[in-house]
Structures are given as structure tokens and as C-alpha cells.
């Protein structure tokens, strides 16, 4: 395993994230899927980079996260780990275990977790689910692999839900989420993502757990926040969910740049003499 990025001074660890929660310092998380973006995020001071199975959507154009494979996740993870290592090496890198790589059996989950960790040298893995995967989380953490949980809206279960609406609005589902959060912490998870749940419920979970909560569409009371980097940069002009704050409009910037390049090439304005050998 390539662990050279983990040995750089100031590298964010699971212990560091726990300290941040205890000290009231918010945790910043963004997704990345390639070397260049990983370098930019690490240089900008992001705490955690999530190599999300959302690559299935934003990188490969699938409608859901379900089609992405272990091999594809390893490909993206290797690129991100190299990017962090070649920059400051500060950011923690967490990788999603893709759909059906951990749900079939505990033994298969353990083999796949080991395969993902060994092939790219990331810091931790993320799994979706509560009670149903708690034993799997324990088995993985027991062999020394850190696990981040994920509750609320779980994109790998989208066909079960039928929509991407807010979860745990009813009392029964909210109580189950609270129980699942406790079980994940007891199983050894070092943090848990809370996706698209009521802000008040996220605040309750955050207060209840000793491990950090990372929100996405879960209000401001979580210990940290995660978003898809393509969304905050405005790269997808059709996607504007309520929980995303767009910090740039790179879709328009790129569009104008490409149009200018096309015009320059067509009109013979590129390359100029000082751009030639």
C-alpha cells in the first residue's frame, strides 16, 4: 500500500476529525475523482476528500450511483491519492465502497474492503446503511480499516425509495435513524454522513454521537459538511438542488473559453508566433 501521503506533517486523520468535533471546529469535505482536482482541493485546505460513487453520475453520466464498479472506484481513488500526495498531503482521502461490494456477505465485504485499501493507499472507506450493515462495519474496522457511515438518503438504495426526497420526516423513520447512528458508532465507525434529513434530527444525532457527523442537505448543526465539487463550481447547469451553494459558474466560463478557442483556430489566430517553435 502507498501510504506516503499519510506520513506528511499535518495529514488529517480520524483522530484529528474527532479532535475537531470536540473543539467545535467544523469539518470541510468535498468530492474529487481525478488527480488535478485533488491537488486543487488539497492546496485550498479541504479537510477530507471523498472519492464518491457519485463519479457514476458526474464523471460517467449514469442516472444513479449503482453502475460504478470496484475497479472504477479504484481507478478514481488512485488518481486522487496521487494528487493529494503531490500537493501538501494534508487532506484525508475517503473512498465509497460501491453498490453490492459489501452487501452480499461479511466475508466478501472484508475482501473487497482490503482490495480497495491495498490498491490505492486511501485513508478510509464509506459504507451506506445502518443496522443491516453494522456487523460488516465492525468486521472491517476490527482489521484496522477505518469506516465512515452514511444514513438518511442513501443513493445506493434509490430504487427502494423511489425518489430523492428528504428522509426521516416521520417519527418511525427518525427513530430508526437514531438507532442506526448509535449502532454505527458502536461498530467502530469514525464518522457518519447524514444526507437529506431534517435539520432538527441531524442536530439530535450530532449531539448524541461522540463521532463527527457530516451533513449534506442536513442543516447547519452537523460537525461538518460535504458537497459534490462539480455542484459548488457550477459545472452542471441543469442541477440546482436546494442544499447546494454554488460558489462559481464554471460552466459558463468553460463555454466561453472553448468558443474563443474555436474562433481563434478557425480564424487562424492560434497559434501565434510566440506560441510556435
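Cβ from N, Cα, C; glycine included.
3-methyl-2-oxobutanoate is bound by 53, 54, 126 in Swiss-Prot, and the record lists one more residue there from 34, 86, 96, which is 96.
Same-chain neighbours of the Mg(2+) site beyond 53, 96, 128, judged by a C-beta within 8 angstroms of the site's C-beta center, are, in sequence order, 52, 54, 65, 97, 98, 99, 126, 127, 150, 155, 156. For the recorded site, residue 96 (3-methyl-2-oxobutanoate binding site), the DSSP three-state label reads strand. For the pair residue 126 (3-methyl-2-oxobutanoate binding site) and residue 195 (active site, proton acceptor), the Cα-Cα distance reads 13 Å. Residue 54 (3-methyl-2-oxobutanoate binding site): 21 other CB atoms within 10 A of its CB, across all protein chains.
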